[in-house]
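Trainee: My questions all concern the structure below.
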Amino acid sequence: MTSFPALTLLLLLPLAGTGLCLLFRRKPDLCRAVTLATTLVMLALCVWAFCQQPDAAGWYLREDYPWIERLGARFTLAMDGLSLLMVVLTTFLQVIAVLISWHQKKYPAFFYALLLLMEAGILGVFLASDLLLFYLFWEVMLIPMFFLIGIWGHGRRVYAAVKFFLFTLAGSLLMLLAIIGLYLLHGRQTGDYSFALEALRNTDCGAWEPWLYAGFMLGFLVKVPVVPLHTWLPDAHTVAPAAGSLDLAGLLLKTGVFGILRFAFPLFPASAAASLPLLAFLALVGLFYAAWCAYIQGDVKRLIAYSSVSHLGMIMLGLAAANVLALEGAILLMLCHGLTTGALFALVSMLRRRTGTRELAKLGGMWKEAPIFSCFFLFFALASLGLPGLANFSGEILVFAGTFQVRPLWGALAVVGVVFAAAYILRMVQELLWGERPPGHPWPDLTTLEVVALAPLVFFTLWLGLYPETFLAHLHLPVKILLEQAAPLVAAHGGLP
Amino acid sequence: MSGAELLALLPVLILALGATAILMAGAWWPRRNTLIGAGVAIALLAALTAGGCPPPVAEVGGMFSSGPYARFFTILWSLLAAMTLLLSPRYGRARRFPAGEYPALVLFAAAGMALLSSASSLVGLLVGLESFTLVLYILIAIDKTCPRGTEAGLKYLVMGIVATGLLSFGIALIYAATGTFHFAEMHQALLEGDRMRPLGLLGWALILCAAGFKVSLVPFHLWTPDVYQGAPAPITALLSTGSKGAVFAALVALMLGIGRGLEALAPLLWALAAASIILGTLCALRQDNIKRMLAYSSVAHMGYVTIGLLAGGETGRSAVIFYLVVYTLSNLGAFGVLTAFAIQGEEPQNYKDLRGLGYHHPRRGSALAFFLLSLAGIPPTAGFIAKFNIFHAALKADYLGIALLGILASLVSLYYYLRPVIVMFLARERDLCLDRGSASEHTVLGVCLLAILLLGIYPGPLFDLIALILPS
């Protein structure tokens, strides 16, 4: 480990970028350049972190400064393999988000400022190792998203923005209560009032444990989102601007799963173990229900939004199986889903910019009309469907393998879910790319900038599909530690690792 | 009164004498801006004196303490007066505020608030309270061209007189029971074994009701929306922050040595807090006028502060004071933006007046959004830390029910805090000709904004300061 404060820098850089954007709000070009430069520097920083070696406890980087000492809260940032992958995904997708919103004309400075602010919030969530600090970032990322949807959205943007805000905030306030409860329990037992994750893990919660666990989980499950808490997501996605959808699907949803892995499971292993069947049930319901919803959608973006919920069901199933394979698969699937669904959202936004509509009924014949667009779209659609060799497949196969080890029935059901995914994806591709082209103006193909923005996504989709070990290597240790720390999780399925 | 005691009162004396000087100067040279500038200078001087000039004695006349706690609030209210005055030049010119009287009255109000926050006896409490409410009656109705202002002043006057009556009666009862006005001795004398004496309980109840009138706790809140709406925006800023904060500061000092007596008062405080939170939140939901919304929201906020009082202990007290500081900054900021938006004869009041302001006045629009988010208690604003402290104190004192109620109400409150934000930023734009604001107004807004952001991200220093000044 080095003493270079890379993690603090990761949080300060986007904040500095936000400040610069607001300062130069009359010069959109400058703002754009500042934003791109900031995101690129951060990506470079992450690549540097990716090349570091973890210590025995799995930490790549760790920073700890005093913060609110009276409450025992500290500014503790820590990066293990799991955080590392999430952070890399965040910084990577954020560069793409800037590129695909390069020609933002409506209040560009404010737009880029919010984009950077959200990046700071999301990175904080992935890095914070102090519960109060975590909660702070957890809420910080809401505000930019609220404005991104509310100002730059299409259609019923205010409704969607408020719904998003209220849903997620309701969940997180319960989590806040649980955090305070846990903090007080720990303080009363040990006399040491602290929000540090490490310290709180050893708290004996007694009869409160199920309630505290439920508080945390509600906060996270709304964000994931798990059916029936998902209704904000299709609305938010449908109206959000391109970069907003990309961030929402690629990053915000991941914070929920991440929170479960980082906080809910290790803090309350016994309750978590008891809740695994329920989680699996919710995951499977989500998988099928959302797939069915996706199938009947007429709006491409809504279809992808529901497919996102369905994929998250698969990820949640991996968590519910709670063994090495399934957890690694679930985390890998988070990366894959971030890339492929993010790319699909970006493509749909590009489509809308050209055609003015996202209704499948009014679209068709894109293959002849815009071949480059169609190639990209087909590629990411097939990846999203789980075609072997492309990203999602590697994650899904691990989740299946892990689930079959412990609960073959769950695994079998989940595999059927993939058939459902094939159904809605193929329908979408068929109607969009090959269907009848409606009469009207020709639609221009992708611009060079758009191709440049999408190319890295293609590259990493292939990489994750063909050789996921590069990324899995970072996960072996954190997953092992997680399962060791939360022994009841393993015991819940009859002790299978 | 000895010279040392006078020296201990120096900051308040500076405020009061300075105000008198301005009042006299105004009679000969009615130059509004110069006099307001002088008022700002005097308020800052008082704050500096309070901070830099240690008092030679701990108590003045057995009525007012001059300890660090009193000094802290003296500085806070002096700065508040300075900021209120800084908000006023343009607004006052447009509405022809009387040149000398206006700054003088604001300074008098600050002196009264400082006295109230430093009260160490029931007489001091009464004197302090009266000295600034009297001033506020005039200030609320200072815009003579506005009939609503006159009405608001009258309403506040009637309610204020009722409160004074209750307070005097309560003080009389406690004096009858204990034979002392002094806080510290009073608590001992009021306890009979572990229980509060009936006369004392009645006296306490009356005092709390009177305080309830001043800080608008339900069911004593009925004047609040009309007065908030009718008063000129800078005065509403002063009224909603300083007058309420000073009363709570006095209550914290008053309840300091209460010991087991708190158990007797707990049901009353609990009921006041719960009713204020519920009713304030529900009524705020239905408002279409931002000043009335802020009025009802302040009812709910005072409910939260009461939770801190109820929780008691060092945690509860420090939570109350932190909350007061943050609430003062946020509310001052919110009303400051409304002041800065005001044009000749008009303040933007209804939500429809705020349409698209976020685009045409991005800085002030964002500032208002930020202040509202702070009032709603969303990180990274200081409002979050303040609310967190209150709930933390409540849970620590085993008041789970009211903490849950508070959290639920915070969630509901988002709806009404977000509405103006939505209207400003997300609603269809409308080009609205509003004033560009003046540099002094922007300074105040900037200071509030920066302070809230800093306290939200790094509240440690203020916590330490509060721990330092809290009398124990």
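Note that Cβ sites are derived from N, Cα and C of the backbone, with glycine treated the same way.
Below are the features I grabbed from TrEMBL:
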TRANSMEM  A:6-24  transmembrane segment
TRANSMEM  A:31-50  transmembrane segment
TRANSMEM  A:81-102  transmembrane segment
DOMAIN    A:128-420  domain 'NADH:quinone oxidoreductase/Mrp antiporter transmembrane'
TRANSMEM  A:133-152  transmembrane segment
TRANSMEM  A:164-185  transmembrane segment
TRANSMEM  A:211-233  transmembrane segment
TRANSMEM  A:245-268  transmembrane segment
TRANSMEM  A:274-296  transmembrane segment
TRANSMEM  A:331-351  transmembrane segment
TRANSMEM  A:372-389  transmembrane segment
TRANSMEM  A:409-426  transmembrane segment
TRANSMEM  A:446-466  transmembrane segment
Trainee: Counting only residues 6+ away from its ends, which parts of the chain sit with a Cβ under 8 Å from the transmembrane segment (A:133-152)?
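Mentor: Cβ under 8 Å, 6 or more out: 67, 73-77, 104, 106-107, 110-111, 114-115, 117-118, 120-125, 158, 160-162, 164-165, 168-169, 172, 175-176, 179, 195, 219, 236, 239-241, 243-244, 247-248, 252, 255, 259, 263.
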Trainee: Could you tell me what the rest of the chain brings near the transmembrane segment (A:81-102), counting residues at least six beyond its ends with Cβ under 8 Å?
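Mentor: Cβ under 8 Å, 6 or more out: 10, 32, 35-36, 39-40, 42-43, 45-47, 49-50, 54, 58, 60, 111-112, 115, 119, 122-123, 126-127, 241-243, 246-247, 250-251, 254, 258, 261-262, 331, 334-335, 338-339, 342, 346, 349-350, 449-450, 452-454, 456-457, 460, 471, 474-479.
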Trainee: Applying the under-8 angstroms CB criterion, which one of A:6-24, A:31-50, A:211-233, A:274-296, A:446-466 scores highest with the transmembrane segment (A:409-426)?
Mentor: A:274-296
Trainee: Given pairs 6 or more apart, does the transmembrane segment (A:274-296) have at least three Cβ pairs under 8 Å with the transmembrane segment (A:372-389)?
Mentor: no
Trainee: Going through A:31-50, A:211-233, A:331-351, A:446-466 one by one, which has the most CB pairs that fall under 8 Å from the transmembrane segment (A:164-185)?
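Mentor: Highest pair count goes to A:211-233.
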Trainee: Near the transmembrane segment (A:446-466), which residues from the same chain, at least 6 beyond its ends, have a CB less than 8 A from one of its CBs?
Mentor: 92, 95-96, 99-100, 102, 332, 335-336, 339-340, 342-343, 346-347, 350, 370, 372-373, 376, 379-380, 383, 388-395
Trainee: Which sequence positions outside the transmembrane segment (A:245-268), separated from its termini by at least 6 residues, show Cβ-Cβ distances below 8 Å to it?
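Mentor: Non-local partners: 82-83, 86, 89-90, 93-94, 96-97, 100, 115, 118, 122, 125-126, 131, 134, 138, 141, 145, 148, 182, 197, 200-201, 203, 205, 209, 212-213, 216-217, 219-225, 233, 236-237, 301, 304-305, 308, 312, 315-316, 319, 322, 327, 330-331, 334, 337-339, 341-342, 345-346, 348-349, 482, 485-486, 489.
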Trainee: In the same chain, who gets a Cβ under 8 Å from the transmembrane segment (A:331-351) while lying at least 6 residues past its ends?
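Mentor: Non-local partners: 82, 85-86, 89, 93, 96, 100, 237, 241-242, 245-246, 249-251, 254, 257-258, 261, 300-301, 304, 307-308, 311-312, 314-315, 318, 358, 363, 366, 373, 376-377, 380-381, 383-384, 390-392, 394-396, 398-399, 446, 450, 453-454, 457-458, 460-461, 464-465, 468, 471-472, 475, 479.
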Trainee: Under 8 Å between C-beta atoms and at least six residues away from its ends: which parts of the chain pack against the transmembrane segment (A:31-50)?
Mentor: 6, 9-10, 13-14, 16-17, 20-21, 24-25, 60-61, 79, 84, 87-88, 91-92, 94-95, 98-99, 102, 108-109, 112-113, 115-116, 119, 474
